[in-house]
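Here is the structure we will look at.
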Amino acid sequence: MQFRIEHDTMGEIKVNDSQYWGAQTQRSLENFKIGTEKMPKELIGAFAKLKRSLAVVNHKLGKLSLEKSQAIIKACDCILKGELCGEFPLAIWQTGSGTQTNMNLNEVIANKATEILGGNFREKKLIHPNDDVNMSQSSNDTFPTAMHIVSVLEITHRLLPSLENLLKTFKEKSQQFKEIVKIGRTHLQDATPLTLGQEFSGYASMLEHSKQQILESLEHLRELAIGGTAVGTGLNAHKELSEKVAEELSQFSGVKFVSAPNKFHALTSHDAIAYAHGAFKALAANLMKIANDIRWLASGPRCGLGELNIPENEPGSSIMPGKVNPTQCEAMTMVAVQVMGNDTAIGIAASQGNFELNVFKPVIIYNFLQSLRLLSDSMESFNIHCASGIEPNREKIDYYLHHSLMLVTALNPHVGYENAAKIAKNAHKKGISLKESALELKLLSAEDFDKFVVPEKMIGPKA
């Protein structure tokens, strides 16, 4: 391996000659050999979009030459095309402002841009990482800006489409199952009837609410910290920079961004991300409930509830032949647990904004993006391999419906609550039907029982 000598304000350091990064990236590699968690590639892409937009705006504001601006833009485009994916090796366990990752971008872009201009960055840098690529910026405003950019883009292009697909499936199932009357359950005990379609409409409504909560959180994430520089005052930045960068980013990405109205808030608080992740946690709670319901309703095949049949995707046991497990449900419930854990980490980290800067930024965005990725992937997997293939087991559904003691609830208006309870308890004690119990207790005639206890008429309010 060949090395070259790079330098920064702390002196010289050896860098692998095949890499584009410079001294500060190398120091971070050597000083923070912690864990395996690296800066997410999605965040690097958001950073490249930001640096690209800044190069455009700094030229328009007369601060950066056209030649340098175009070279930086082309270098950023190389990153966005995936041509430099091996140049961003830093751990998330670094400075809490993300300074080393900001400089990683600056160094790689500067050296690539120098090359684009026909220079040799090993001998002389035609583009400076701080003076040109980082012009009018601080890590303190670029990193939180990149956090918001990647959050908005990933929610828009990844999370919401997956959520929409699963929501569509449950809406379709709700219609498909609307005529199937089944017994309801509360407290894990038998309750009054409803339709399977009504049950699935509840799942669809949960996901619709989660979607709206996430969309609402997006409006806060659109606000960008750029232009605040070191502490929020905008020192060394043009007064029009923040607005113009938001406009340029919006145009380039096709997604709306705006300048944060208060940069002091934008640098020291990550309440927008904590709020958005709160919506992720609420979605995770809904997914946990849905997955648990489905795996319980599909339990069996002979000794469980067995009201639903789910797709058989793979063998379920290494010792029990023929066993098939609700694996998609299990995977999604584990994802939900991870998201809830991430929410705790993000909430604690977001509370640590001391004075003018929060210095827990890398761990916040790492956990945020992990949750987003897991939720997106698990919903897509669950939809394709489980939800879309759910079918009712009519025989089991009808059996439970007509053997439930809670059908006695329909008798409340006719014999009163206490007498209805006597009918149910007597039936349960003697192992007889509700009808037989009512006749034995002489509380109803057979004709009246058949008229009052009709499960199909118990699935909604009466006029």
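For all residues, glycine too, the Cβ spot is worked out from N, Cα and C.
What Swiss-Prot annotates here:
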- 97-99, 128-131, 138-140, THR186, SER318, 323-325: substrate binding site (BINDING)
- HIS187: active site, proton donor/acceptor (ACT_SITE)
- SER317: active site (ACT_SITE)
- GLU330: site 'Important for catalytic activity' (SITE)
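Of all the recorded positions listed here (HIS187, SER317, GLU330), GLU330 has the Cα closest to the Cα of PRO129 (substrate binding site). The secondary structure of LYS323 (substrate binding site), as reduced to three states from DSSP, is coil rather than helix or strand. A gap of 28 Å separates the Cα atoms of LYS323 (substrate binding site) and the residue listed as 'active site, proton donor/acceptor'. Recorded residues THR186 (substrate binding site) and SER317 (active site) have their alpha carbons 31 Å apart, per Cα-Cα distance. Note: GLU330 (site 'Important for catalytic activity') has non-local neighbours ALA291, ARG295, i.e. same-chain residues 6+ apart with C-beta under 8 A of its own C-beta. On a Cα basis, the residue listed as 'active site' lies 49 Å away from THR99 (substrate binding site).
For HIS187 (active site, proton donor/acceptor), no same-chain residue 6+ apart in sequence has a C-beta under 8 angstroms from its C-beta. Cα distances from SER317 (active site) to the binding-site residues SER97, SER139, ASN325 are smallest for ASN325. Of all Cβ atoms in the shown protein chains, 22 besides its own fall within 10 Å of the Cβ of SER139 (substrate binding site). In sequence order, SER139, ASN140, PHE143, LEU357, VAL359, LYS361 are the residues of the chain that are 6 or more apart from SER97 (substrate binding site) and have a CB within less than 8 Å of its CB. Cβ-based neighbour count (10 Å, all protein chains) for LYS323 (substrate binding site) stands at 11. DSSP classifies THR186 (substrate binding site) as strand under the three-state reduction. Around ASP131 (substrate binding site), taking its Cβ as the centre, 13 other Cβ atoms fall within 10 Å, counting all chains. THR99 (substrate binding site) has a Cβ environment of 19 other Cβ atoms inside 10 Å.
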